[in-house]
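**Q** Provided herewith is a single structure, encoded as structure tokens, for subsequent inquiry.
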Amino acid sequence: MKVVINGFGRIGRLVLRQILKRNSSVEVLAINDLVPGDALTYLFKFDSTHGRFPEDVRCEADHLIVGKRKIQFLSERNVQNLPWKDLGVDLVIECTGLFTKKEDAEKHIQAGAKRVLISAPGKGDIPTFVMGVNHKTFNPEKDFVISNASCTTNCLAPIAKVLLDNFGITEGLMTTVHAATATQLVVDGPSKKDWRGGRGCLQNIIPASTGAAKAVTLCLPELKGKLTGMAFRVPIEDVSVVDLTVRLDKSTTYDDICKAMKQASETDLKGILDYTDEQVVSSDFIGSEYSSIFDALAGIALNDRFFKLVAWYDNETGYATRIVDLLEYVEKNSK
């Protein structure tokens, strides 16, 4: 599969790292970003959180050279002017965060690409796929613009699926304690979205909205109207944690919930959901490729139907890994 990356920020760079790390059959032809190629090369080579890329990396004649691989740099603001038709692009990995509406993402298709995968929650009627949860519903005949949901939805959905399949869910509230991201400010400043969001990310725990819980219903429709949530942005570089407070349909014990999570992590959700019963903290999961790591020691029960569950996730690496998984699934099932 021939792909291009539009937007080479945190997720775009980590997606490329994952593709190259696993020697994927996915071939990256080009990267489109308005930042100069030499600066993008530097940011790809050196990463303050995930370390230096282990191969030779350099910029040469408007190309990113990684080992023996050569990837063209483009710098085009107008998506419809991009040379996707000439390059024979099968799929655009849309990582700018700007083209989340179907009509905007379809501009890549108008430029000659066959499909678009958005690395963010899609707006409107864009099909949303979470690996391990509903990815098998992908239809190559009609799903040309798709979304990989958000990192938080990718963490919450596997946990919710295990609960739904084994015990049923009456209702639930989710809180994600989320690492800082590039959209936040280092010192206080104005924010268009909400005033609190403009406060300095190094000095504050910042309450924020998130559509992650409601977005779970896009891949698990049975939960519509049963889940919602919020976020706290906290001053750490990477790794976030979901706190799910949930009322179940069936009476059970916390031990039985743990057993169900462990079994799922070893069978249907292997490689997606992990299970830990060790005394872990957030930094222990930097670089984790799992969507969700269920923390058996952190959860609690109030009674036989009301529980608080905890799951960790590397909101960068875990999410980027799922994008590559979804790419490869689309490739395999579009032939």
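Each residue, glycine too, has its Cβ placed from N, Cα and C.
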**Q** Please state which member of ARG196, ARG199, ARG233 Swiss-Prot lists alongside SER150, CYS151, THR152, THR181, THR210, GLY211 for binding D-glyceraldehyde 3-phosphate.
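**A** Looking at ARG196, ARG199, ARG233, the one Swiss-Prot places in the D-glyceraldehyde 3-phosphate site next to SER150, CYS151, THR152, THR181, THR210, GLY211 is ARG233.
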**Q** Let me know which member of ASN315, ASN333 Swiss-Prot also records as binding NAD(+) at the site of ARG10, ILE11, ASP33, ARG77, SER119.
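**A** Within the candidate list, Swiss-Prot flags ASN315.
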**Q** Identify, in sequence order, the residues in the chain of HIS178 (site 'Activates thiol group during catalysis') that are 6 or more apart from it along the sequence and have a CB within less than 8 Å of its CB; answer 'none' if there are none.
**A** THR152, ALA208, THR210, ALA231, PHE232, ARG233, VAL234, SER240, ASN315
**Q** Can you tell me how far the Cα of SER119 (NAD(+) binding site) sits from the Cα of SER150 (D-glyceraldehyde 3-phosphate binding site), in Å?
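**A** That comes out at 7 Å between the alpha carbons.
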**Q** Considering all pairs of residues in ARG10, ILE11, ASP33, ARG77, SER119, ASN315, annotated in the record as contacting NAD(+), what is the maximal C-alpha distance expressed in whole angstrom?
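**A** Roughly 28 Å, rounded to the nearest whole number.
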**Q** Within a 10 Å radius around the Cβ, which one of these binding-site residues has the most neighbouring Cβ atoms: ARG10, ARG77?
**A** ARG10
**Q** Let me know the most crowded of the binding-site residues, choosing from SER119, SER150 and counting other Cβ atoms within 10 Å.
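**A** Of the binding-site residues SER119, SER150, the highest Cβ count within 10 Å belongs to SER119.
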**Q** Using a 10 Å cut-off, grab the number of neighbouring Cβ atoms around the Cβ of CYS151 (active site, nucleophile), all chains included.
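**A** So the number of other Cβ atoms within 10 Å of CYS151 (active site, nucleophile) is 27.
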**Q** List nothing but the largest Cα to Cα distance in Å, as a whole number, among the residues SER150, CYS151, THR152, THR181, THR210, GLY211, ARG233 that the record says bind D-glyceraldehyde 3-phosphate.
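**A** Roughly 16 Å, rounded to the nearest whole number.
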